[in-house]
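One structure below.
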C-alpha cells in the first residue's frame with residue numbers, strides 16, 4: 001500500500017515536471033475551472049454595467065444630446081467581447097471533461113492548455129473593460145452642423161434660378177442679396193436650394209444659418225432661432241434683447257457665415273439682432289426673401305433678383321408632375337383639358353402644385369370640364385383654393401398699411417384676366433370713388449395715385465404692363481381680390497364681375513339691391529332693356545361692348561352711382577334722358593362712342609367732375625353743357641369732332657375748378673390764343689391739331705408745360721417753331737430747361753409741309769414717336785438746325801434718350817433719322833415700313849435697341 005502511494009506521488013511529480021518543461025506553466029490547466037467561473041461572473045457584472053450605461057445614454061439622447069465617443073467605443077468593445085466570451089464558453093464542457101489527474105492535466109494537453117490561456121486572457125480583458133466602464137458623463141450637446149439640409153418638393157425650372165442667384169451671391173463684392181416676388185412664386189424653395197447647395201461645399205464659409213422671419217416675428221424671435229442654430233439651447237426668457245445680441249455678435253464675429261432670412265415683410269435691424277457688419281474682409285453674406293421690392297431697398301441690398309412665375313412650358317411640366325400620369329392617360333381629351341386648367345394658374349407654382357394635386361384623382365372628362373367651369377366662374381370655390389392658396393396670397397394684402405390702398409387694390413379686380421389698364425384711368429376711378437383726395441391739386445392727386453400703384457407693384461399685387469403707362473393683375477391674385485371683396489365669399493351678391501366672358505345680355509340672376517360694383521366690360525352686350533333698383537351701386541363698367549341702346553329706365557334708380565364707363569361702344573349714339581337721375585355721378589366716360597349729342601338732362605349732373613368725350617367723331621357740340629357742370633375738373637376732348645373755338649374757350653373759362661383739359665384744335669389762331677390764357681393752357685395735357693393749315697405754328701414750352709401727348713393729323717404746316725419765353729402779367733416768363741417737361745407721346749399722321757422735325761429735340765422725355773404718311777419729311781432731326789439748337793442750349797445734346805417706341809411709315813422722302821444716329825438705350829420697338837429712301841434704318845436702330 002505504502003509502496004503504491006509512494007509510486008503515484010513519484011509519477012505525478014515526474015509527469016508535472018515533464019509537462020512543465022514541455023508546455024510551460026501548468027496553471028493554465030490547473031486553474032481553468034476557477035478562471036471559467038470568474039469569467040462568467042465578471043462577464044455578468046460587465047453586462048449589467050453595460051445595461052445601466054445604455055439606460056443613461058438613452059435618457060440623455062432623448063434630451064437631444066449626443067453620446068460621447070468614448071462611451072460608444074466602450075459599448076462597442078463590450079459587444080465584441082460578449083460575442084467572443086460566448087464562443088469561448090461553448091467549449092467549456094468539452095474542455096473540463098478532458099481534465100484528469102485531479103485537474104492537473106488534460107487528456108488533450110495542448111488543447112486544454114490553449115483553452116486555459118484564452119480563458120485567462122478573456123478574464124483579464126473583461127476585468128479591464130469592467131474597470132473602464134465607469135463614466136460620470138455619458139453624452140454632450142450635439143455640435144451644430146455647418147449647414148442643415150432643407151427638404152424641397154418637386155420643382156421645375158429651379159436650376160437656372162439657383163444658378164443665377166448662386167453666381168450673384170458668390171461675387172466678392174456681394175454682401176446682401178434680396179430675392180423678391182409675389183406670394184407662392186417659389187422664393188422659399190429657391191432659398192432652400194441655395195442653402196442645400198452649401199452641402200456640396202462650404203466655399204470657405206464656417207456656418208449657414210436659416211431663419212424663418214414671418215410677418216409678425218419680433219427681433220427676439222429671430223435672435224432665438226440664431227442662438228439655437230449656434231447650439232445655444234439654454235432658456236433665454238430672462239435675457240434681454242441687448243444681451244442676446246451681444247452673445248450672437250461675439251460668436252459670429254469670428255466666423256464667416258451666410259445668414260438666410262426667409263419671408264421678410266419689413267426691414268430687419270441687423271445690428272439690434274446682433275449680426276455684425278458685413279465687410280469684404282470677413283466675407284459674410286445675407287440672403288433674404290420678400291414679397292415687397294421696398295424691403296430690398298430698406299435693407300440696402302447690393303443685389304436683388306426677381307423671382308418670376310414659370311413660363312408656359314415649365315408650368316405645364318410642373319402641373320403634369322403634380323397630377324400624375326394616371327388621370328392624364330385615362331382619356332384622350334383630358335390632356336387638352338388639363339392644359340386649360342394649368343393655364344388658369346398663370347405660371348404660379350403654388351397654384352400649379354395645389355390644383356395639380358387636387359386633380360390627381362379626377363379621371364373623367366366630365367370632372368375636368370366641371371373644374372374648368374368653376375375656375376372660370378368662381379375660382380375660390382375650387383377645392384383647396386380657399387384653404388391653401390388664397391390665404392397665402394392674402395398676407396400681401398394684409399401687409400398694406402392704408403385701408404384706402406387696400407380699396408384701390410380690390411378695385412383692380414373689376415377688370416378682365418390679363419387686362420392691362422392704363423394707370424391714368426385707374427387713378428381717375430379711384431379719385432371719383434373717394435379712395436384718393438380729389439381736392440388736392442392735379443399733380444398732387446395724380447402723384448398720390450402713382451405712388452399707390454407703385455406700392456402695389458412692389459408688393460407684387462399688381463404687375464407692370466407691356467407699356468410703362470399700364471399695369472395688370474395676375475389671375476390668381478385677381479381671384480384673391482374678388483374673394484376678399486366679397487367678404488371671403490360670404491357676400492358674393494355685392495359684386496357682379498363678369499368681364500370678357502362673351503355675355504350678350506345683362507345676367508338675370510343679379511341681386512340689384514345688394515349690388516355695389518358691377519363690371520360687364522369687354523362683352524357682346526348690345527341692348528339694355530331692363531330697369532333696376534340698385535340703391536348701393538357705385539361703379540358700373542360697361543365699356544368695350546356692342547351697345548346700341550340703353551333703356552330709358554335703366555339709370556332711374558341708381559342714386560349712389562359714382563363711376564359710369566360706357567367707352568368703346570362705337571354704335572352707341574344716344575343716352576337716355578333718365579341719366580339725369582344719377583345724382584351722385586362724378587365720372588362718365590363716353591370716349592370712342594358714336595354719341596351724336598348729349599341729352600338736355602345731362603346738365604342735371606351737378607356733381608360730375610370728370611367728363612371724357614375723346615375720340616367722339618359724331619359728337620357735334622357741347623355748347624352750354626360745360627357751364628351747367630360747375631364742379632367739372634376734367635374735360636377730355638382729344639381727337640373729338642368737338643374742337644375748341646372762341647365761344648367754347650369763353651365757356652371753358654367759366655369752369656373754376658378745371659384741372660385737366662385735353663383738346664382738339666383746327667384753327668392756328670385759336671392755338672395761338674389759347675396759349676395766352678393761363679387758366680386754360682396750364683390744364684392742357686393732350687392736344688390734337690387736326691386739319692390745321694398754317695405756314696408756321698408756334699408751341700410755347702412754358703405755356704404747354706403740362707402737355708403729355710401731342711397729335712398732328714391731316715394738316716398743312718410748313719414749319720413748327722418752339723418758344724420757351726412768354727410774357728404774362730407784365731413780366732417775362734421763361735424756364736431754365738427750354739424743353740417740354742412732360743411731353744412723352746408725339747404722333748404725326750398725314751402732315752404736309754415740313755422737311756424735318758428738329759423741334760423734337762425739345763421733347764427730351766419723349767417715349768413714343770410715330771410719324772406716318774407725311775410725304776414731305778426728309779429727316780427727323782436736321783443737322784444744321786440741331787446744331788444751332790444745341791449751341792444755344794448745350795443741355796439738349798442727345799435726342800430720344802428715353803424713346804421706347806419709334807414708328808416711321810409711309811415717308812417717301814425720308815432719307816435719315818438723324819445725321820449722327822444716337823444710341824437708343826430704352827428702345828423696345830422700332831417699326832419702319834414703306835420708307836424707300838431710308839436704306840440704313842432697318843439695321844441702324846435695332847442694334848441700339850439691343851445694347
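Glycine residues also receive a Cβ, built from the backbone N, Cα and C atoms like all the rest.
If you check Swiss-Prot, you get these features:
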DOMAIN    139-441  domain 'NB-ARC'
BINDING   181, 182, 183, 184, 185, 186, 187, 188  ATP binding site
REPEAT    514-535  repeat 'LRR 1'
REPEAT    607-629  repeat 'LRR 5'
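Residues of the repeat 'LRR 1' (514-535) grouped by DSSP class, helix first, strand second and coil last, total 0 helix, 6 strand, 16 coil. Report note: the ATP site is defined by 181, 182, 183, 184, 185, 186, 187, 188, and the residues of the same chain whose CB lies within 8 Å of the CB centroid of those residues, excluding them, are 289, 291, 307, 348, 349, 350. All protein chains included, residue 185 (ATP binding site) registers 25 other Cβ atoms within 10 Å of its own Cβ.
Sorting each residue of the repeat 'LRR 5' (607-629) by its DSSP state yields 4 helix, 3 strand, 16 coil. Long-range neighbours of residue 187 (ATP binding site) (same chain, six or more residues apart, CB within less than 8 Å of its CB): 179, 180, 181, 262, 263, 289, 290, 291, 307. The binding-site residues under consideration are 181, 183, 184, 186. Their Cβ neighbour counts within 10 Å are lowest for 181. Long-range Cβ contacts of residue 182 (ATP binding site) within its own chain (separation 6+, distance under 8 Å): 291, 309, 348, 393, 396, 460, 461, 474, 477. If you draw a 10 Å sphere around the CB of residue 188 (ATP binding site), it holds 17 other CB atoms from the protein chains shown.
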